[in-house]
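Q: Quick one: structure below, then a few questions.
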Amino acid sequence: MIVTPKFRGFICTTSHPAGCEYSVRQQVEYVKKQKRISGAKKVLVIGASTGYGLSSRIAAAFGCGAATIGLFFERQASGNKTASAGWYNSAAFEKFAREEGLYAKSINGDAFSNEIKEQTIELIKKDLGKVDMVIYSIASPRRIHPVTGEVFNSALKPIGSPSTVKTVDFHTQQVSESTIEPADEEEIRQTVAVMGGEDWDMWMKALKEADVLEQGAVTIAYSYVGPEMTHAIYRKGTIGRAKDDLEATAIKLTENNKDMGLKAYVSINKAVVTQASAAIPVISIYISVLFKVMQDMNIHEGTIEQMYRMLNDRVYSGDMKLDEKGRICMDDWEMRPEVQAEVARLWAEANNENIREISDIEGYRKEFFRLFGFEFDEVDYSADVDIDVKIASIE
Ligand code: NAD
């Protein structure tokens, strides 16, 4: 089949298998060129198929030589409907890992459910015995509580008062302002239930009870802070409340598991284009401007550079360089005063006439389509491809 992008706003409903494979290969090649990391050996990645989770899996496997179990919620191809990008990414990852002689197995299902937790634990017991690192990288709009069955939906809204934000439609490159009404208490509660720390906590309890965590294991979840101009919608909004809860969970997990020396961290990662971040209104214009500024300063990073740096320079370097709240700060380059001063200056000026000069809006658009395997010069999009790609470890 010839696969072309079919998109609506920040959603692309088709993915290109060869393009996704190419994109995973690029990440693998990047890590293979770096110094080997003496670190994790058996890693569970929850949310392993796209964005930060996929890059964490690649950095652990090809950087540390780790065996990985990857868990995700993706769609396989059916009829003439392509699989989701995360499905193709995971098929490619397993292929490259096996070529390298690395153990790699995947589980596709709802990580929030008890059933998938049990299935994962069984697989760890059977194949790895125990794991020494657990990465928690879920981004989801919805969660079904495994005990009560309550369905929670997350909201991306400010808290307290309405917020007027600049945003850009990266397809049309039109800048506009829109006002987002504040969330009510119920929306805050539901967002915290989806993106806060409860499920991470449930995972770690289940893994500990099943005795599949090595003594001194490390677990890391991901968060974001960002500059003042994004705070109303992000850090001081509903999603920020969820991240406060996630960060508090890290402290609690370390405290409550001293007996086995578990170390739980939150890593504050840089703003990048992923399926999750594309859904946040103010973030598209912020990232477009940020990319240009960081590229001009030669300090641009994507997810793979960040995740390799996190493992090599922080987690397994002997010096985590934690901030005053005990967090790993991978946003250190993004938050440099000179970067933020320039972003703030350009951001204030952004309008329809100058958006192409003052930001990398074209780069943003390209990155968005690359998440789905499109826009790579090296891939022949006129070629017929088999969309029914199997993930080696999934029947
Ligand atoms: P993403 O959308 O690329 O990845 C989400 C992953 O979660 C995918 O592997 C998906 O399959 C999986 N997933 C979603 N629902 C699931 C479910 N019910 N069961 C199993 N798997 C499920 O997102 P991302 O941007 O890489 O986000 C990962 C984490 O990084 C989030 O905590 C996010 O807040 C954080 N983060 C992102 C950015 C950014 O700019 N993108 C910056 C800092 C921190």
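Even glycines carry a Cβ here, placed using N, Cα and C.
According to TrEMBL:
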- 2-78: domain 'Trans-2-enoyl-CoA reductase-like NAD(P)H binding' (DOMAIN)
- 47-52, 73-74, 110-111, 138-139, LYS243, 272-274: NAD(+) binding site (BINDING)
- GLU74: site 'Plays an important role in discriminating NADH against NADPH' (SITE)
- 81-316: domain 'Trans-2-enoyl-CoA reductase catalytic' (DOMAIN)
- TYR224: substrate binding site (BINDING)
- TYR234: active site, proton donor (ACT_SITE)
- 322-385: domain 'Enoyl reductase FAD binding' (DOMAIN)
Q: Given the recorded positions ASP110, ILE138, TYR234, VAL273, return the subset with CB under 6 A from an atom of ligand 1, ordered by sequence, or none if empty.
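A: From ASP110, ILE138, TYR234, VAL273, counting a Cβ under 6 Å from ligand 1 as near, the near ones are ASP110, ILE138.
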Q: Rounded to the nearest angstrom, how far is the Cα of GLU74 (site 'Plays an important role in discriminating NADH against NADPH') from the Cα of ASP110 (NAD(+) binding site)?
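A: Rounded to a whole number, the Cα-Cα distance is 9 Å.
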Q: What does DSSP give as the helix, strand and coil breakdown of the domain 'Trans-2-enoyl-CoA reductase-like NAD(P)H binding' (2-78)?
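A: Once the DSSP states are binned, the domain 'Trans-2-enoyl-CoA reductase-like NAD(P)H binding' (2-78) shows 31 helix, 16 strand, 30 coil.
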Q: Translate the DSSP assignment of TYR234 (active site, proton donor) into the three-state scheme.
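A: In three-state terms, TYR234 (active site, proton donor) counts as coil.
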Q: By a simple count of other Cβ atoms within 10 Å, which of PHE73, TYR224, TYR234, the recorded positions in the record, is least packed?
A: PHE73
Q: Rounded to a whole number, how many Å is the Cα of GLY47 (NAD(+) binding site) away from the Cα of TYR234 (active site, proton donor)?
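A: Here the two Cα atoms are 21 Å apart.
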Q: Near LYS243 (NAD(+) binding site), which residues of its own chain have a C-beta under 8 A away, given they sit six or more steps off in sequence?
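A: LYS243 (NAD(+) binding site) has long-range Cβ partners MET195, GLY196, SER223, TYR224, ARG235.
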Q: What is the separation, in Å, between the Cα atoms of SER49 (NAD(+) binding site) and GLU74 (site 'Plays an important role in discriminating NADH against NADPH')?
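A: Just about 8 Å between their Cα atoms.
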Q: Return only the integer: C-alpha distance in Å from PHE73 (NAD(+) binding site) to TYR234 (active site, proton donor).
A: 24
Q: So if I measure Cβ to Cβ from ILE138 (NAD(+) binding site) and keep only same-chain residues at least 6 apart in sequence, which ones fall under 8 Å?
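A: Looking at Cβ-Cβ distances below 8 Å from ILE138 (NAD(+) binding site), excluding near sequence neighbours, one finds ILE46, GLY47, GLY53, ALA111, ASP199.
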Q: Quick check on the domain 'Enoyl reductase FAD binding' (322-385): DSSP residue counts for helix, strand, coil, in that order please.
A: 27 helix, 2 strand, 35 coil
Q: For the residue listed as 'active site, proton donor' and VAL273 (NAD(+) binding site), determine the Cα separation and express it in whole Å.
A: 15
Q: Let me know how many other Cβ atoms fall within 10 Å of the Cβ of GLU74 (site 'Plays an important role in discriminating NADH against NADPH').
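A: Counting Cβ neighbours of GLU74 (site 'Plays an important role in discriminating NADH against NADPH') within 10 Å gives 22.
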Q: Could you round the CA separation between GLY51 (NAD(+) binding site) and GLU74 (site 'Plays an important role in discriminating NADH against NADPH') to a whole angstrom and send it over?
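A: Given the Cα positions, GLY51 (NAD(+) binding site) is 13 Å from GLU74 (site 'Plays an important role in discriminating NADH against NADPH').
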